[in-house]
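Since the structure comes first, as structure tokens, the remarks are kept for the end.
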Amino acid sequence: MEDIRRDECSRDSDGLSGPARPEDKRMLGVAFGIGVLLALVGGTAAHGCAAPKELVSEMLQRLEESVKADELPNPSVLLAMNLVGATGTETNKWLLQQIQLEAVKRAQKDMTSGEVALYVLALFSSCQNPRHVHALGQTINLLQVLQEKTDEEMASLDLEGVPKTTLYSVSLDALALCLAEVGGYQGASVILAKRVLTPESHLSVDTRAVAAMAMACAYGRTDLYDVQELLQEALWVVTNGFLDEQEKEGGTIGNIYSMGLALQVLGATSKFYLPREWDCAQAFSVVYSHDYRQPTAIAQVLPALVGMSYLDAASLDCAASAGASPTRQPSLSPKLGTTAVPTAAITVHYSIVNELQGRHFRYTTSVQVPVGSTLLKVLQAAAAKKPDIFSFQTEQTSWGPMVVSIHGLAANPDDKTYWKFLSGADALQEGVGTYKPWNGEHIQAVFSLY
């Protein structure tokens with residue numbers, strides 16, 4: 001996942017299997033009626049796949065437990081909960097209130113276009129009108145904000161050939177505007193289609209997936225034959241590309257963290273790759289083998305497992321889903337672990353490298369951290385050991401903490417720069433808050449362009 005990294009957190013597209021599943025699996029069977037679960041998994045039947053109800057329940061529970069009062073609300077989590085029908089929980093209601101609050105506080109000044117688009121999708125899926133978002137005694141038109149930010153993206157594309165943020169954001173913008181049936185989405189979708197059809201674009205799986213959903217929406221709304229023809233060709237290229245990659249990689253498309261969006265697309269756009277068939281069982285088996293823990297990753301894969309996609313965000317039956325799930329208390333504070341802190345230590349080698357901008361540098365150190373520590377702990381240990389060299393700063397995102405500055409050198413969206421983390425020569429596909437280094441591993445943070 002490359003383009004989300006630029007908006008939110010560092011992830012890349014090389015394969016990595018997840019840790020073993022825990023023995024103590026807490027299921028949501030009690031909180032989730034059997035009728036609701038059967039309705040959820042029914043959507044995949046057309047492709048011959050049905051996700052195990054226990055897995056859906058477990059993932060949903062992890063989503064609910066990820067909601068914390070001291071963290072920014074994650075619109076992807078609310079969107080996923082609504083798409084799978086978990087609309088009657090206290091967690092859902094609380095999260096919706098926080099989404100509305102943050103939209104009023106931050107949308108106009110502090111959010112990227114892609115963030116605003118996700119908020120719009122989350123509100124649509126909650127049967128709320130994004131044109132009238134009320135909180136703190138104020139009301140804003142979030143669709144108008146999105147249109148304005150999308151116009152800025154398009155202006156940058158026209159003048160400089162690149163968007164203000166990323167094509168992933170533009171794809172979310174086009175999808176949200178199309179579902180809202182307001183202006184701007186067709187032009188953005190046409191640009192996305194042309195980029196998809198340009199081999200040298202090298203778009204990530206995530207960008208292609210969201211672009212495909214935006215194009216599929218636009219395809220269904222336009223009467224212009226030449227536009228439909230262009231969108232149809234681009235959708236054929238994206239979907240068949242995903243199918244080719246799945247066949248080649250034994251079920252994986254991109255990596256385990258880009259699987260969710262890719263599966264959403266393949267489940268929702270089958271008419272664009274017919275008569276070819278999708279082996280959804282093979283793809284789903286890859287998902288089943290991974291122990292998803294990161295909330296945004298779960299939020300992207302969960303809708304696909306029940307036959308839903310972001311294309312469904314604005315067409316949910318709110319009356320039918322209201323009260324479908326018995327209420328649960330929100331997990332509004334971190335839970336303390338019950339297992340003992342491991343005492344064994346590992347040694348991790350850590351380098352920071354800048355050969356891109358200003359004064360070049362390369363520094364390396366070795367630190368010891370407890371077994372099971374995240375990469376963030378490694379960075380903290382290095383900074384404590386040599387603060388004048390390995391100091392760093394992070395920002396909290398929906399993908400977890402994102403490193404935005406190391407050794408005083410800050411990532412800059414205007415320069416398209418970021419800190420890329422690698423294990424040896426391979427880019428990490430997890431962020432610093434979730435990746436757990438192994439003993440003797442060499443982690444590099446390299447100042448890079450995207």
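Yeah, the Cβs are placed from backbone N, Cα and C, and that goes for glycine too.
What TrEMBL lists as cyanocob(III)alamin binding site is Asp206, Asn255, Gln300, Leu428, Tyr450. Under the three-state DSSP scheme, Asp206 (cyanocob(III)alamin binding site) falls in the helix class.
The feature compositional bias 'Basic and acidic residues' is assigned by TrEMBL to 1-14.
DSSP assigns Cys280 (disulfide bond) to a helix in the three-state reduction. Marked as disulfide bond by TrEMBL: Cys49-Cys280 (among others).
Here the Cβ of Cys217 (disulfide bond) has 24 other Cβ atoms within 10 Å, regardless of which shown protein chain they belong to. As annotated by TrEMBL, disulfide bond applies to Cys178-Cys217 (among others).
Here the domain 'Transcobalamin-like C-terminal' (372-444) has, by DSSP, the following mix of helix, strand and coil residues: 15 helix, 27 strand, 31 coil. The annotation domain 'Transcobalamin-like C-terminal' is assigned in TrEMBL to 372-444.
Among the features that TrEMBL reports, region 'Disordered' is placed at 1-22.
Taken from TrEMBL, the feature transmembrane segment applies to 27-46.
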Nearest of the binding-site residues to Cys49 (disulfide bond) by CA-CA distance, picking from Asp206, Asn255, Gln300, Tyr450?
Gln300
If we count other C-beta atoms within 10 Å, could you say which of the binding-site residues Asn255, Gln300 has the fewest?
Asn255
Tell me which of the recorded positions Cys280, Leu428, Tyr450 sits in the most Cβ-dense spot, judged by other Cβ atoms within 10 Å.
Cys280
In this predicted model, what is the average pLDDT of the domain 'Transcobalamin-like C-terminal' (372-444)?
91
If you skip the near sequence neighbours and keep only those at least six away, which residues in the chain come within under 8 angstroms of Cys178 (disulfide bond), Cβ to Cβ?
Tyr185, Gln186, Ser189, Ala214, Cys217, Ala218, Arg221
